[in-house]
Amino acid sequence: MNVIRARTAGFCMGVSLALRKLDREVDRAEEKAAQGSPRCRIATFGPIIHNPQVLEAYAGMGVRCLRQVDEVEAGDHVVIRAHGVPQQQEKALRSRDAVVVDATCPKVKKAQLGIEEQCRAGRTLLLFGEAEHPEVRGLLSYAGEGALVFGSVDELEGLPLQPETEYFLAAQTTQDRVAFEAARAWLHERLGHEVPVLETICDATRLRQQEAIDIARKVDAMVVVGGFDSGNTRRLADVAAAQGVFTVHVENESQLPVEQLRGCGIIGLTAGASTPKSIIDATQRFLESL
């Protein structure tokens, strides 16, 4: 079996940075314990990234995943997830007498601050994203009242837009660029003028999606590896499938539909921004063995 592997597959800068920050806290805690000091409790606030194998590995190291601010105890070392958190939660965390380490992706942090600046200037946010995604909840916390979220042009068409309101358009950092541009064009037609755009889709997302499209057009099937909770991985599968090729999204090689793939001559392989290289490697080896 021939496999074309995407060069962009695997950890993005934001994920790598977040994991390095968490690793640093784990290492420091172990060093202190080795010196006879009490081992401080290490935790993340929410899953550090959306990958089950990575989360399981950290749990094995004693890293807890906290969901509520009142779970944080004095002296804890708490690492904020790569997706960011609502600013009210961040303020509450910092009031708990704990050591708080912000591992928010720099691209997400830039989007948060850009949204805040636009809203302070009197504009209202139209946000293209998944309403229940943790990154989106964080972004909305910087937008004030009146912000609207939509996940597709169909949803955008159903929003109660007011002609007299000065809107601006932004997106979840891992959203589909083509769909975002379609929303932008629809707004121009609907409102009769160009809506200001805050460019928040990161380059890594754009390049990863474009490479997935390019590979999907050359192969008999496409395999996308990454957590089922990972929005950017789901969108990779979507853009690949949109090219008309059989596409499967799996978390690891054990979930591959072997019989459906066995007859393929060439298979494309890509992975989400939170998928470890070891899992991508294992999936590639398995595919090549078919």
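Placed from the backbone N, Cα and C atoms, the Cβ positions cover glycine too.
Of the residues His77, His83, Swiss-Prot puts just one in the dimethylallyl diphosphate site with His50, His133, Ser230, Asn232, Ser274: His83.
The separation of Cys12 ([4Fe-4S] cluster binding site) from Ser274 ((2E)-4-hydroxy-3-methylbut-2-enyl diphosphate binding site), Cα to Cα, is 7 Å. Excluding His50, His83, His133, Ser230, Asn232, Ser274, which define the dimethylallyl diphosphate site, the same chain contributes Ile49, Ala82, Glu135, Thr174, Gly227, Asp229, Gly231, Thr233, Gly272, Ala273 within 8 Å (Cβ to the Cβ centroid), listed in sequence order.
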